[in-house]
Amino acid sequence: MAVASKVTVIVVAAGKGKRMGRSYNKQYIMLENKPILYHTLAVFEKHSEINEIILVVASGEEEYCQGQIIKKYGLKKVRKVVAGGSERRNSVKNGLEELEEACEVVLVHDGARPFITKEVITKSIEVAYEEGAVIVAVPVKDTIKRVNEKMEVVETPERQQLWAVQTPQVFRSGILKRAYKEAEDFERVGTDDAVLVEAAGYTVKVVLGIYENIKVTTPEDLIIGQGILNQRKDGEQCEWE
């Protein structure tokens, strides 16, 4: 009998979030009386196409997450909690090592992005099955300048070609594993998973995301995040075009 393919999400929550100005990990800050990380995990917990979640947290926080988030809120799809590394790519690599052989598609998502929607997740999985590699992104709204070390403008790229990349980033598992193996072999670095996949020779497709899918990074983001939750409770979707 053939083994059914799985869709796994690696939720990366190992960063300390120094820009938040807190003494503890930003993913544990409360929104609506629940940790940000809970809100993120709950989206994937409720998604019918997600079979399991691998949660990557800062070293030493594994037991806390098991007790205070996973067990406390009854999250059944979190199969494994693993310690992250010194950099994001190390944390993702640790998560990849926990993938089961049956996993065909893997999503990588920031633990501090709790406002991703079911619809965007579904579309990104669909495209990943078809194309192999996909990122979620939105067109930039502002004019972007390249600036040198003297604080001089050196270039103004065409805004129509610029997209702000979010997560999840979604791949056939074999593609992402190969990209990370080559990154290790050739000492490649990148700020996201797609950079490593591109460097390995794959084409990465783009799925249109939503502007609400912010990464909660600064105190101001908490205010915006509360506004998003309030809008959603009222059955609305924020339109910040």
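Residue numbering: from 1, along the chain as shown.
Backbone N, Cα and C define each Cβ position, glycine as well.
What Swiss-Prot lists as site 'Transition state stabilizer' is R19 (among others), and the listing cites sequence analysis.
The 10 Å shell around the Cβ of K26 (site 'Transition state stabilizer') contains 26 further Cβ atoms across the protein chains shown. The site 'Transition state stabilizer' annotation in Swiss-Prot covers K26 (among others).
If you look up Swiss-Prot, you'll see R159 (among others) marked as site 'Positions MEP for the nucleophilic attack', on the strength of sequence analysis. In the three-state DSSP assignment, the secondary structure recorded for R159 (site 'Positions MEP for the nucleophilic attack') is helix.
For K215 (site 'Positions MEP for the nucleophilic attack'), the Cβ neighbour count at a 10 Å cut-off comes to 17, with all displayed protein chains included. As annotated by Swiss-Prot, site 'Positions MEP for the nucleophilic attack' applies to K215 (among others), with the evidence given as sequence analysis.
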Close in space, distant in sequence - R159 (site 'Positions MEP for the nucleophilic attack'), Cβ under 8 Å, 6 or more apart:
P139, V140, D142, T143, I144
Nearest-integer angstrom distance between the alpha carbons (Cα) of K26 (site 'Transition state stabilizer') and K215 (site 'Positions MEP for the nucleophilic attack'):
11
